[in-house]
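Straight from Swiss-Prot, the features:
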- Gly89, Leu94, Val140, Glu141, Arg159: S-adenosyl-L-methionine binding site (BINDING)
Amino acid sequence: MTARRAPAVNRDVLEQMLVDGTAALDIALTDAQRNQLLDYVALLGKWNAVYNLTAIRDPKQMLIQHILDSLSIVPHLRDRASARVLDVGSGGGLPGIVLAIVQPDWQVTLNDIVQKKSAFQTQMRAELKLANLSVVTGRVELLQPGVEVPEKFDMIVSRAFADLSDFVKLARHLVAPGGSIWAMKGVHPDDEIARLPEGSRVKQTMRLAVPMLDAERHLIEVVVDEAN
């Protein structure tokens, strides 16, 4: 069966959407970063026809629902200089690749259990020339600092990985002292927060405004006790 092709969209149209979106988020991009993000959208569309990385096939919607959605967390995190970041269940590289592009001083690691998705992520590292990006394949709960990953992380993020309580249970051993777990959610996850495991708590909840997207979005910061 022939894969459905994404509709063609002029790059200038996408660039203007990106310019408008980042202005609304108060994010200043260099020309190089803007081109990297646009190249990423094009490559995501190209590989998606083969690997089905995302259900979204329209480039405009990819820009809004993937790129701008991922960028919406940057204003809340960018004061953390030289951070070590783990993106769990990264899939097509979201939000990790976007973070690596706009925060070149961060060291970003992408994690997924599906080898073909890791292969795509590795290809993006090469094609987008992201020296601050690394990829590790495997279950997050089995990753050990000093073995599969060099060390613990200042920020562990996820955009579409599991229930919040499960996310915390599986990833908490990788949080560095003073670090946090950051979960990107749609509607406010009251039920998931109520099920958080012992030794963890919500530090703050932020409502996100994604440009051009009429949908509810939240960012939840969870801290864990070091003894747990």
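Placed from the backbone N, Cα and C atoms, the Cβ positions cover glycine too.
Annotation note: Val140 (S-adenosyl-L-methionine binding site) sits in a helical segment as assigned by DSSP. For Leu94 (S-adenosyl-L-methionine binding site), the Cβ neighbour count at a 10 Å cut-off comes to 26, with all displayed protein chains included. Sequence-distant contacts (6 or more apart, same chain, Cβ under 8 Å) of Glu141 (S-adenosyl-L-methionine binding site) comprise Lys169, Leu170, Ala171, His173. Neighbour density for Gly89 (S-adenosyl-L-methionine binding site): within 10 A of its CB lie 21 other CB atoms from the protein chains shown. Take Gly89, Leu94, Val140, Glu141, Arg159, the residues named in the record as contacts for S-adenosyl-L-methionine: the widest Cα to Cα gap among them comes to 20 Å. Val140 (S-adenosyl-L-methionine binding site): 23 other CB atoms within 10 A of its CB, across all protein chains. A C-beta separation below 8 Å, combined with a sequence spacing of at least six in one chain, links Arg159 (S-adenosyl-L-methionine binding site) to Asp69, Ser70, Asp87, Gly89, Leu94, Pro95, Met184.
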